[in-house]
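As structure tokens, the structure follows; a few thoughts come after it.
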Amino acid sequence: MLPNCSGPSNAYVFSGFDSKLAGISATLIGFLGFSLNLVIVLASLNYKKLRYDVTTPFILSLTTSDLLFSSLTLPILAIRFFSEDWIVGETLCRLFPLIFYGNSAVTLFSLLAVTIHRWVMIYFPDRSSQIFSRARTKIMIIFCWVSPVLLLCPSLFGIWGSHDLECHTRSCTIQETHGSSPKIFFLLLGLLLPSFTLFIANTMIFVKVAMVRRRMAQYVSNPSKALKKREQKLTKMMCTIFFCFALSYFPAAIIKVFDGDETMPHLHIITYIVNWLTVIMNPVIYVISNDKYRLAIHFLFQRCCCMQKGSNSMALQQEGVRSSTMSEDENEEKSKWKSVKKMVKKSSIRRGSSYQHGKLISSQSSSSITLKKNKKKITNEVIKEENPRFDEVPLT
């Protein structure tokens, strides 16, 4: 039986405006999050290059978790705030903490898996395919989904804490039993540990990329603009990831610890809404900012809207694969060599040089090309030694 919350001591702490704002926000965020994550899941499964990519299972785990949060958790929260009471039954009240906290934990663990995978690809590129084999990747994803449920089983069965209605907020959450509650334990495990891991891993990735670039600068007088651009993009991505993570989870956790009685209801509502926004921020940061996923989404919409024939769509996909695999510095190098060849050809025609003179020019040009190739070979050896794999770094 749910507790009786009709007494004056159990008055609802949120005002009508706060409740309506939270209900509308939960509805809109749920709709946008569901649509966005569903598109990403369908695009990943329909695009051949992403279907067999090593990073895709972790991205799918993250987007599926956000998809469930948008379609299941947020509608329940919207009903609760619009009605200003818990009207969806006792059984769902017992299960809701498992759904809410379990779903949030799956999202956090999936974020950790994506970060660790990126770190392994940077530091151990030759062993990354072995570490993240298909079998091990499946085990990691199963762990991300099963471990939160196992952690919440003690409170679900009343062994350590209980799932019950909190009258002041009309919310079903984890309550204390015999003066003890696992909330602090979940805070340490589900917030501080992921934050520490994200910060350390992303910092190490940034340091590795900076070291490799400085090492390359010793052999290359003018580093590629594409390389600088990738490094800047990686830096911005890491800062954005950690900032959005801290903004989404830290305020809600801090106010829960220091204002457990909801004496500042307006701040609670704001932190709720910011936390819900993760179902939109995660796909934008980890997926849509990546060129391959943008191409996959574009390809999906073309197939759905029948804008082109199937052959044209396949041609677009193949062209996208070729353009994504060819780096910008290779294009720059090709254009340079083309211009050099044109200049040499024009110079020889203008001068009208003899066969011997032309032979001398040809030998000088070939020796210059040989020197440039040797210089490029030394640079590639340095890159291989440091194992940066800039083109394979999953920036998402």
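Cβ atoms are placed via backbone N, Cα and C, with glycine included.
Record features, source TrEMBL:
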type	residues	note
TRANSMEM	22-45	transmembrane segment
DOMAIN	36-286	domain 'G-protein coupled receptors family 1 profile'
TRANSMEM	57-78	transmembrane segment
TRANSMEM	98-120	transmembrane segment
TRANSMEM	140-160	transmembrane segment
TRANSMEM	184-207	transmembrane segment
TRANSMEM	234-255	transmembrane segment
TRANSMEM	267-288	transmembrane segment
COMPBIAS	317-326	compositional bias 'Polar residues'
REGION	317-396	region 'Disordered'
COMPBIAS	337-349	compositional bias 'Basic residues'
COMPBIAS	362-371	compositional bias 'Low complexity'
COMPBIAS	378-396	compositional bias 'Basic and acidic residues'
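98-120 is the stretch from 57-78, 98-120, 267-288 with the greatest number of Cβ pairs below 8 Å to the transmembrane segment (140-160). Outside the transmembrane segment (267-288) by six or more residues, the chain places 14, 18, 21-22, 25-26, 29-30, 32-33, 36-37, 40, 59, 62-63, 66, 69-70, 74, 77, 107, 111, 114, 237, 240-241, 244, 247-249, 251-252, 255, 259, 294, 297, 396 with a CB less than 8 A from a CB of the stretch. Under 8 Å from some Cβ of the transmembrane segment (57-78) lie the Cβ atoms of residues 22-23, 26-27, 29-34, 37-38, 40-41, 44, 88, 92, 96, 99-100, 103-104, 106-107, 110-111, 113-114, 117, 137-138, 140-141, 144-145, 272, 276, 278-279, 282-283, 286-287, 293, 396, all in the same chain and six or more residues away from its ends. A Cβ distance under 8 Å defines the sequence-distant neighbours of the transmembrane segment (98-120), meaning residues of its chain 6+ beyond its ends; these are 54-55, 58-59, 61-62, 65-66, 68-69, 72-73, 76, 127-128, 131-132, 140-141, 143-145, 147-149, 151-152, 156, 163, 174, 186, 190-191, 194, 197-198, 201-202, 204-205, 241, 245, 249, 278, 282, 286, 393-394, 396.
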